[in-house]
Every structure is written in structure tokens, then in C-alpha cells.
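Pulled from Swiss-Prot:
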- 16-23, 84-88, 138-141: GTP binding site (BINDING)
- 302-312: compositional bias 'Basic and acidic residues' (COMPBIAS)
- 7-287: domain 'tr-type G' (DOMAIN)
- 293-312: region 'Disordered' (REGION)
Amino acid sequence: MAKHDLHLTRNIGIMAHIDAGKTTTSERILFYTGLTHKIGEVHDGAATMDWMEQEQERGITITSAATTTRWKYAGNTYKINLIDTPGHVDFTAEVERSLRVLDGAVAAYCAVGGVEPQSETVWRQADKYNVPRIGYVNKMDRSGADFFEVVRQMKDVLGANACPVVIPIGAEESFKGVVDLIKMKAILWHDETMGADYSVEEIPANLVDEANEWREKMLEKVAEFDDALMEKFFDDPSTITEEEILRALRAGTLKMDIVPMFCGSSFKNKGVQTLLDYVCAFLPSPLDTPAIVGTNPTTGAEEDRKPSEDEKTSALAFKIATDPYVGRLTFFRVYSGKVEAGSYIYNTRSGKKERVSRLFQMHSNKQNPVEVIGAGDIGAGVGFKDIRTGDTLCDEDAPIVLESMEFPDPVIGIAVEPKTQKDLDKLSNGLAKLAEEDPTFTVKTDEQSGQTIISGMGELHLDIIIDRLKREFKVECNQGKPQVNYKEAITKTVELREVYKKQSGGRGKFADIIVAIGPVDEDFTQGGLQFIDEVKGGNVPKEFIPSVQKGFQTAMKNGVLAGYPLDSLKVVLKDGSFHPVDSDQLSFEICAIQAYKNACAKAGPVLTEPIMKLEVVTPEENMGDVIGDLNKRRGQVEGMESSRSGARIVKAKVPLAEMFGYVTALRTITSGRATSSMTYDHHAQVSSSIAKAVLEEVKGRVDLV
């Protein structure tokens, strides 16, 4: 790819709540940019971007498909790498890793539903990765559609500085098009060409005053970011040119000070071309984003890499997928330098050089072979033997580790076994491949029962895994009841001396440590082990201290109550002693593991459970039943409000253990009139009666609490 093209490259994603019409919008983008000749509809199960069979059956997007397309705007041809992301909360890992490699995003909303719970989650994820975005209010043709109400909700709920750049012409059945407030023209779409043709006309007389009013509001907003514009705005707003407005809106969007707002009806083929024009106008190119910062694994120093093909190569693997034809496909974003087909590239995690046999740019799940993927671009490669999501790929002579992605721990598990013993190998092979693709899906063997336990982000997540085992790996499974992924914590600090001694003829083993073990400090927010070395005078030699730390890190994976992991732990190594012959690294590691077990048992161990944030939208007359049911489930109602449609919104925090089968129960209570959505919020300590019940089930004993 020629270097100057980077100005004309856009790496974008469409992010939203489930059912806001993301996939339909992506389909229209592919149709209007000429990549597909027939529009695939989600409700027919034919959408190009939803390529897994389960997605086509369920009408939701599970894996984020990456597609490269082109669009002409203002005399230039722009290259758009479009990533379609799922809106269901069970698939937040897909959203998280997409946002990590994007430069900009389109936040899509339903004109009726507005800002929904998953919209908030995704918005926070985009804030975390500093992704500039524009807003698109979809489904303007639906009954109850209200563009301005969604703009207000964006301000109130998300704290976004939402700024309409278009206003709708009509709404619901009469939605025909938009008024572009920059050009001050009406854009009307024609049904007979499926929206491919549209006309630019004068603003309808009944909308002129409203358009002038909204244009003035837009000018006032953008003038805040540009002193020269502010002057013109107060002197004579009519002298402000189109170029000046575009420049100021782009600057405000890139700084994340403003969110330009658009609207349309993707399903009815209206509004998508305007959206594409302004994706090119306002969202950043790879050159607008700061140089990527990474760590040199040799020196530990921070280094940055600019988005140029002349720099040393750095790329981040953000997704791994298994393709039936080419095998394992690794999707990556190249930040600097270039990756060439047939070349070798170094993986800083594995410390190995790997040959990239072939490179592709993707159109949904079809591969278009390319020879090179340069800085600022997204593509997929084949040939990697040992690769994981979040790995950094670079030149061997210039190693760098880019910040990887953080994924939440799975919250729900089920036991699985193949229906026939001969499928055992197929099952473990299938599970290993699926775990490789999805960092929020884990597989482990229960030490006591020997069962295989798979864990994920929710019931739908695990349903789809079971479904994929059946379709892709031809393994039928029996599955157990869902289990909650509890964790353990300690509540007190305990000081303890641990001595590990072993004499078995010849050289023995010896380690001696004095440690204080307790909850982490309040300002230690990253989780994991907070390890502090206070040993004076070499009583424990420096080379053994990492072994003590490693011992505690290993031990934290199994708590003393029921073998559930600890999220965080503070260990202060105060003193100890060693033997000049018998002490070695393994002795100190084993000594630390023993110290952990003995100290945690005395440090007030408790069980914690996942608490979910629940939102239920229900008719007024079912409110009492819904709240009564939540109370039975140990739920805490945190608030109630009215929606625009007259329904009531109930917000609550409820333990996941009480929520299995909730969707069916809610349907029964409200005769199918209520909907709910649930996201993980935090882990909280369980009461002693529940802890006893869990321990009885897991351990067959309750004397530990």
C-alpha cells in the first residue's frame, strides 16, 4: 500500500447494544461501497458479516468479522477497514479486542430504545482505549422513533457532548431522509433503487426554521474549539464556510470533545451514504493517532513506533479464528513497518520466529490474498504455530511488547463430557481450539471429580460453544447444570514463619521464610499479587526472592476453602534464612506454597460470588411481580424509572447464582411482555449460610466457615 494512502485509511468499528442494527448497517455499507451485489438481511439469516451458522440462526453477531472496503468522498478514495462487533454482553471480549485495534468507531443506537445497558458498557470500553466516535441513530422508521430524545440520553446517561450534524425529515412511517446542517440541503432516498440513489434538494419549507435553529446550535458547539470561528459566530455566522465547520468538527471529534450525530434507517436503506461520507470526514486516520507505545523486553524501557512503513515492524494479534479452508487465521493490526507474505516475524511472548506463509485482507469470511500489510492496516495471516490473542509481532532485532488486552474472568461454568467415549480426543481438541480463539472461555479438569469444566461469560456464550463443538468438531456433548464461578478472599492479616526441610540421602532441601499475608492495600487496584520484599542483610539471597513470589502466584490459583482462586493477595517477605548447600529456587517456591496454605486458613477466608447488574423493562402492571421475584432471588433494586413508551425500567444488582433460567421465568411472570439484560458488575462476599451450602456441595464439608 502506498504511504500517502494512510491519510485515506479508516480503521473503524460499529459498536452498540444488541438489536440496534449494527450488522444491518454494515451490510448496507458493503452494498453501497460495491462489495456485495445483493443485500443480506439479518432476519433472513443471510447477512454477509454474520458468517457463523449460529449467528445466522440466532440473528445476533458473535465474532467480529473484519472487512476491507472503499468509498469515494470529496474527490478521494478512502480505504475502510470495518469491524462488526457483537452487542450481546456475553461477547464483550470481542468488543474489547476490536476497540484495542481501531482508530475510530460509529456508536449505533436504536431510535426507539435509545441508550441501553450494553451501550453504556461499550461506551466505557471505547473511553478506556481513547477511541473517537460519531453517533448514528438507526431505525428512524420504527414506531416511537425520536432522534432528539436519543441525543438527550447520550448527554444524560453517557455524559457525551452529542452534536446533531443532520436532523431527520419525518419520523416513523414518514421518515424520508435528512437535512444536512453543514450543507443546509435536504437529502432524500429513493425506495425503488434500494437507497442506492438519492437526491439533494432544498430544505422543505416546514423544516427551514428548525434546521436554522439546529445549525446555530451546531455552530455554537464547534466554535468552542476554534477561536477564529468563535469570532465569526458572534460577528456574522453566515460567513462561516463549509470547510471551516468540517475542520472544527473533525478537530473536536479527534480530541473526543464532541460526538457528531447522524440518523437513518439502515433496513429501509436511508442515511448510510451520509454516514459513510462523515466517517471519512471526521474519524481519524492511523496518522492522526499517537505513535504506539510499547516496552523493550530487553531493557524494560518504553519505546514508541510511528505509523510508517520505514519504522521497525510492530503488530498486535487481536483475534484468532479457525477457518475450514486455510486453518488457523490470525487477525492483526500493523502499527509500524510492514508484514510481508513469506517473511519471518518474531513473537515476543513465545520468543520464537514464525513464518507468515500467506496474508489476506478479509471480506467477511472470504479471503483476498495480498503480498504485504503495511503500517496502519488490518489483515490476517496464516502459518503461525504458537500464537495467542494479545501477542506482539515484531522484528527480531528490534523487539517490543505492546500493551496487551485485559479480559474479564469467566463467571459461569458447566461440566461437559462426550456422548460416546470414542469422541474424547475430538472433544479435547475442539475445546483447545475454541479456548485459543476466545480469551474469556476457559477449560479445566476438576481435580476431585475428573470432569471437564468449561467456563464463559454467560449461558448464551456456553450454548454457542456447545453448538460449535457439534457443528465444527462433530462432537455431541452431555452437559451438567450451570455452576457459578466463585472466588475466595481473605479478610485478616497473618504473620507466619514457614520452614521447608527435606533430607533424603545426599543433598537435602531447605528454605525458611517469615511472611505477613493479608488483603491488598486500597490503592493497589490492578489485582493479583502485591509482593513486598523487606528482607535485610541478605538473610534470603536475592536470587531466591523471585521463587518466593512465584510460589505465592501459583498458590493463589487455589483457595483454602474450596479451591476457588483468589483475586488479590498482599505478601510482605520480612525475613528468613537459607542453607549454603541445601537451599535452591525450588525449595523457596515450595516453602511459599506451604506458607500460603497455612496462613490463609488463619486469615479469615471467605467465599465471594459474581453479582450482576440487571435491567428489566416491564409494563407498569407487572412491576410488583417482577420486583417480588427479584427479592426472592436475593436481588437489590437500585432504582426505577419510566421509559418513553410508558414501560417501567427496573435496575437491580442480583447474584448470578440466582439468575439461571431468568429469561424464561420473566417471560412467564409477564406473559412475554418484559425484556431483560444483564452484565457482570463485581464479586461480593456471600453469607455464611450460602458459603456452607456451596462448600457442602463442592467439598462435602462445612467446618471451614
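Backbone N, Cα and C atoms are what each Cβ position is placed from, and that goes for glycine too.
Within 10 Å of the C-beta of MET140 (GTP binding site) we count 28 further C-beta atoms, all protein chains included. Residues of the region 'Disordered' (293-312) grouped by DSSP class, helix first, strand second and coil last, total 0 helix, 7 strand, 13 coil. Taking all protein chains in view, 30 other C-beta atoms sit within 10 angstroms of the C-beta of ALA16 (GTP binding site).
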